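First up is the structure itself, then whatever we jot down about it.
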């Protein structure tokens, strides 16, 4: 199957500059193509994954992906999709962000073999361009009227846009031209809001490399959820690829909670399952939605892809423990992941009567309520029901000598650590 056909059945193409030409080009040749990301933060979130998944599909089809981290463009900020001017970051912070993104992107692509990926930083070829060189060699090629008509600029004219952000499309065009000339890069991929920047790059390539220069642009539809809200956010905020910001367990849970109306679309966008495999899961969504087979598959595939098989096994173990209440077998690391959002308390490193301990920490409001809950079997320590009013809490009630998990009733959890 032609890679363009695959992207079409996955619903992953919004616009193409020359569909017929690109389709023929990828059938006849191994091409290099690129997608960029600016280091505005130290982690990608799952929304950033969308264009890079397309890049990875091209790699799987035998083409060479180029991942561009914008050490130069990141100092300015892309105005696309923004209603106001971005706050500029220090060069030191941008450099740190670049390195963090390199690590995350490095896990997504294969950097060996005939279709090996490469990673570049546009700061390397932009840092020595003087202001006079910029104006003479590049600014001269851009018509201000054309630049003003681009959606990314036109949408900001009423509230105002600085020359810095106005010139962003020139810098991105310079990137495409540089990669065309020195890396034989023929295709740029981006979100639907990048159309203006991509076409600016194609115009520059034709002016610099000749009218017959073969280069293409492809954009991806804006991904929204069935309820109309923006994809990539949960009630707690963005879902990050950095495991220190979003744990693998939280990452897994995001996908497992996907709405039935969205799950097939996400399987097409984010997994490498075949059309037949996804069709089978789609049938199960219709006939046996309670089994959530599609969601389980999506969550497993994504957690493995972004993190690892081991991270998936941990997420499954935590999920099973929380569902069953049997939490004693969890490791300290797994507890930190699974109980990240529950009320947390710090206890003295001493022995104490269970009832007093619960009240002192604030888990129970009074001794009377604590005694009642213990006597009625509503208190669990590390998954085990406690009904002994005289029980002494000691080191044996700690997991890896770090945590005690308290449950009140069926689902109310508390996490206790020690001084």
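Glycine is no exception: its Cβ is also placed from the backbone N, Cα and C atoms.
What you see is a predicted model, and the numbers here were worked out from it, not measured in a lab.
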Annotated stretch (motif ''HIGH' region', per Swiss-Prot) among the listed ranges 39-48, 49-58, 59-68: 39-48
Residues flagged as motif ''KMSKS' region' in Swiss-Prot, choosing from 220-224, 225-229, 230-234: 230-234
Nonlocal neighbours by CB distance (under 8 Å) for residue 34 (L-tyrosine binding site), same chain, sequence gap 6 or more: 55, 65, 66, 67, 68, 175, 176, 179, 183, 185, 187, 188, 189
Residue counts (helix, strand, coil, in that order) that DSSP gives for the motif ''HIGH' region' (39-48): 3 helix, 1 strand, 6 coil
Cβ neighbour count within 10 Å of residue 172 (L-tyrosine binding site): 29
